[in-house]
Amino acid sequence: MCSALSWVWGSSIAENEEHKMENCAFDNDTDCKKDNISNNSKLSGLKNPTPKEAETNDGMLYSIEDTPAWYTCFALGLQHYLVAIGGIIGLPLLLAPHLCIENDEEGNVARALLISSVFFVSGLCTLLQTTLGIRLPIMQGATFSYLPPTLAILALPHNQCPAPLPEGFMNSSKTLYNDTDGSIVDGAEVWQRRMREVQGAIAVSSILQVVLGFSGAIGFLLRYIGPLTIAPAVALIGLDLFSTASSHAEPQWGIAMFTAFVVVLCSQYLKNIYIPFPIYSKSRKCHTVRVPIFKMFPVLFALISGWILSLIFTETGVFTADTADPSHRARTDLRTSVMINSPWFYFPYPGQWGLPTVTVAGVVGMFAGVLAGFIESIGDYYACARLSGAPNPPQHAINRGIFTEGIGCFLAGVIGTGTATTSFSENIGAIGITRVGSRRVLQVAGGLSVVLGMLTKFGSIFVTIPDPVIGGLFFIAFGMITAVGLSNLQYVDFNCPRNLFIVGASLFVGLAVPEWMKANPGVIQTSVTGLDQIITVLLQTSMLVGGFLAFFFDNTIPGTEKERGLLAWKKHNHGLEDMEEEELKNAETECYSLPFPTNCCRFSRYFPISPEFDNDRNYNAEHNGAVISRL
């Protein structure tokens, strides 16, 4: 009898027995493997395929408009949910110490509620994006783009973590703190006050993304942003976080390196290994299909492997219970009480940590995250369209996607996840592997994330992951972010001293200035507290310092379009735009129209987010076609 687990992997193939490309999706045929690998190599560089390569999209098991059976939708939706787990849980656990969440029972429950909130908001944003946004099968989740400005806000003097007061102070049974504003508060209020400041910054800054999408100003901004701007800005997101990764790995470097090794082993060395799984279909009964399981879930395999190894060392006494020993933090039983103390059900709601507070410094600093977030998302839109067999998104769909992401970031801000949301590249890669590009599958994944986000016991399981395991994952994740940024330089002429100067200066200054600011807190003294905070947050945000410097130099130092790499971008034209104009228009209408009539108002064609918006297709091909290869 075939197992339930194997049915999850193979049910979609069983339904499509007569499809001409069905066996190519998961079998062991060499040509099929090469085709699968080709799809994913395109994703890794986010390059646009040639028209000949675009023809392989005919082999999709489910294209964007297809609706699989309900049980197939559930199985494939669960798969997308599992792919996204690694990225979703990492950010709340990383932010916890910076928010001054203590390592006690109350702090562990707070971590569980944060993880549940991130799951809930990620699912909600996925449903919004796939239904009312760009309508591509694209998963939304927590983003690292907003992390540098968030850490800069939490590093301000008034957000430094206070020391606990003596036990029993003011006859309180809880541990109290003398916060930096002079108030005596408990541990919950300490971290929630800092969370409210981050919430306000994310919520207000997201309005910029809403305006950019609604006004259609995206195309105008992209005229001045080239690979020499994108590369340093994105690379500095990863480079600036090296201390965070090492601090998590510090308690037990062996576990951290083992976890990182498993990620590398699965994603690089075992990526072309296809594991046979038994499935059942009416025509062939029980039979097997081969699945590239290591390529699909490297983070999940590493997390579980590191977790199990830490459990073994905990139970055998290798990791001591002595709190003075650094390896104590690698034990798996430190936070198990959270699974008992956390509630079974919790509904994340706006203002759950209190009314968000808005500071000018926080909002201005968070604009850097907005810029990086929407550029990353636009690149993901084109990659997702290419892999799901959809026509390239027209301007109104991109505008609507950015607009919807802005709404999602606003929801993340008011609900209080500690970070904003953007598209998940990992899930786009899963589409290329599984050949399933159905919009309905991602809507199911979003629904699962919403439901499981309300089950706090589920989120509490991830709180028990030892810090070194998370540190090992961060080493690979932050390294990949850096590499993705630097990959944009492949279009730039590095025989030109101008480009060497821009890249070198922006990267070095982007690292040096924030590091100096962190080592000299309070060094900015303008006699205006608000202005001091704004300057401090801006100069402590690496991606903003390096990205702005690169942007300024690239647009002011003389250089040809070829030297700047702009011509190489423009050569990546849209493969499906070789179709006849009328055929392309019909395909776009079917894929990117909203699920309700939008032509009832004669003014709808003047709104940039409306499917009736009359945009210049030649302008899109010239200015937006370049974005495909950016991230």
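Note: Cβ is positioned from N, Cα and C throughout, glycine not excepted.
It should be emphasised that the depicted structure is a prediction, and the values quoted were computed from it without experimental measurement.
Pulled from TrEMBL, these are the features on record:
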| type | residues | note |
| --- | --- | --- |
| TRANSMEM | 69-96 | transmembrane segment |
| TRANSMEM | 108-129 | transmembrane segment |
| TRANSMEM | 201-222 | transmembrane segment |
| TRANSMEM | 229-247 | transmembrane segment |
| TRANSMEM | 253-270 | transmembrane segment |
| TRANSMEM | 291-313 | transmembrane segment |
| TRANSMEM | 353-375 | transmembrane segment |
| TRANSMEM | 441-463 | transmembrane segment |
| TRANSMEM | 469-489 | transmembrane segment |
| TRANSMEM | 496-514 | transmembrane segment |
| TRANSMEM | 534-553 | transmembrane segment |
Cβ-based contact of the transmembrane segment (353-375) with the transmembrane segment (534-553), 3 or more pairs under 8 Å: yes
Recorded stretch, among 201-222, 229-247, 441-463, 469-489, maximising Cβ pairs under 8 Å relative to the transmembrane segment (253-270): 469-489
Long-range neighbours of the transmembrane segment (229-247), counting only residues six or more past its ends (CB under 8 A): 94, 144-145, 147-148, 151, 371-372, 375-376, 471, 474-475, 478-489, 492, 503, 506-507, 510-511, 514, 542-547, 549-551, 554, 630-631
